[in-house]
Amino acid sequence: MTPPRKLHIKSYGCQMNVYDAQRMVDTLAAEGFVETASAEEADLVILNTCHIREKASEKVYSELGRLRAAKDQAARDGREMSVVVAGCVAQAEGDEIIRRAPVVDVVVGPQSYHHLPQLLARAKADGRALETEFPVEDKFGFLPQPSRQAIRARGISAFVTVQEGCDKFCTFCVVPYTRGAEVSRPVAKIVEDVQRLADNGVREITLIGQNVNAYHGDGPDGRPWPFGKLLHRLADIPGIVRLRYSTSHPRDVEDSLIEAHRDLGALMPFVHLPVQSGSDRILEAMNRRHTADDYRRVVDRFRHVRQDIAFSSDFIVGFPGETEQDFTATLALVTQIGYAGAYSFKYSPRPGTPAAEMKETVSTADMDERLVRLQNLIDSQQSAFNRAAVGTTVDVLFERAARNPGQIVGRTAYLQPAHVVASADIIGQILPVTVASLERYSLLGSLASAPASRASADDAPPVGASSPAIMGV
């Protein structure tokens with residue numbers, strides 16, 4: 001019997017890339033590949049790249065330098081290692097990667113990874129392969145379903161892509177150029193995916209897309225369904241006890257989504273709603289096509305139907321032309337909304353975007369200082385949000401054994417890690433936890449129906465940090 005070939009995937013960036021990596025694993029499993037944690041031992045290494053962060057390309061080339069040494073060592077050991085660059089950097093800079101990095105065998109954009117087996121065969125025959133065009137066919141129709149064993153191994157929470165691409169064209173963002181126009185999957189296909197996950201032990205589904213609440217996929221009645229109607233349908237699937245989604249655009253919050261938050265107990269009261277700035281002048285320069293007050297009104301609509309709802313967001317400081325007055329408006333918005341957590345970044349130009357051509361730049365010193373001030377405010381809000389849980393009883397969906405022996409860790413409705421001392425048979429259940437204290441960003445407590453037994457958290461990320469949001473909206 002031929003031994004399985006080893007596959008190593010390193011993903012950068014958002015939840016969509018995590019999902020894409022899983023689907024690449026599923027696609028290549030049929031070709032005899034199994035995952036390995038070691039790039040050095042792999043027969044195939046895939047860098048699944050993100051183009052949002054600063055110096056994204058440089059990080060890819062740095063990693064490719066390390067892989068060149070690993071590939072050379074594999075050749076000396078009599079093994080053949082193939083290297084693939086996938087994702088949004090591949091889409092944006094495919095020709096440049098081929099030119100600069102001879103170690104790379106295949107470059108493939110995020111809309112074409114269902115072609116990986118053919119591209120690997122082409123590279124073996126011709127030396128290298130590049131595919132960064134947007135294919136006419138829907139890739140989801142060509143992707144194999146994950147095996148039952150793969151689903152169970154990935155745990156009780158899963159991502160499902162319902163929408164890809166973005167039509168908003170914010171001036172700072174590369175997503176419309178790397179992921180293409182907005183495309184929504186049919187309702188029936190999404191239901192089929194979620195049903196298969198539920199049948200194999202998944203209890204929590206996070207619906208993902210670059211602009212997920214712009215979803216308008218074809219329903220079984222032949223009409224486009226809004227996102228809220230899709231959520232209602234998925235909430236009816238037996239076994240699914242929690243629904244989440246990311247990432248949302250304020251302009252696409254339709255009444256059906258608000259109604260879903262009002263009506264569905266399975267829909268978690270935690271919304272990632274990026275705003276980027278609190279200054280109307282900067283929002284206009286970003287082509288956000290909403291004002292700060294528009295954003296406040298959207299938040300109010302959510303809160304009107306679900307008083308326990310909480311929000312996270314994204315912010316950019318130092319966008320071209322941002323003044324101290326503009327930045328003060330951002331601080332005012334953060335203060336007024338009150339976030340459970342947020343991501344904040346210094347502006348960095350993305351080649352090919354309109355903002356990259358703007359001349360009125362902000363100094364690095366000013367950006368650094370503003371980022372510290374903003375993050376301090378966000379951190380104080382997150383700390384207050386977490387402290388408010390102490391002394392209360394919260395529902396926790398338990399996910400896995402913690403690193404500390406005897407502990408089980410799960411997450412609250414707000415993605416806060418919660419640790420208790422308990423047996424592993426609670427994994428997959430939602431149980432009440434009495435919160436006794438905090439350790440770093442984690443809640444420590446005991447099962448409400450069991451004798452109190454203080455847990456000690458292993459290192460856990462802040463709210464939202466373990467599952468980075470889909471960037472670009």
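Positions of Cβ are set from backbone N, Cα and C atoms, glycine also.
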Annotated region 'Disordered' segment (source Swiss-Prot; candidates 96-116, 264-284, 453-473): 453-473
Residues of the domain 'TRAM' (387-449) by DSSP state, where helix covers H, G and I: 4 helix, 35 strand, 24 coil
DSSP state at C14 ([4Fe-4S] cluster 1 binding site), helix/strand/coil: coil
Integer average pLDDT (0 to 100) for the domain 'TRAM' (387-449): 95
Surrounding CB atoms that lie within 10 Å of the CB of C170 ([4Fe-4S] cluster 2 binding site), all protein chains: 24
Among C14, C50, C88, C166 [binding-site residues], residue with fewest other Cβ within 10 Å: C50
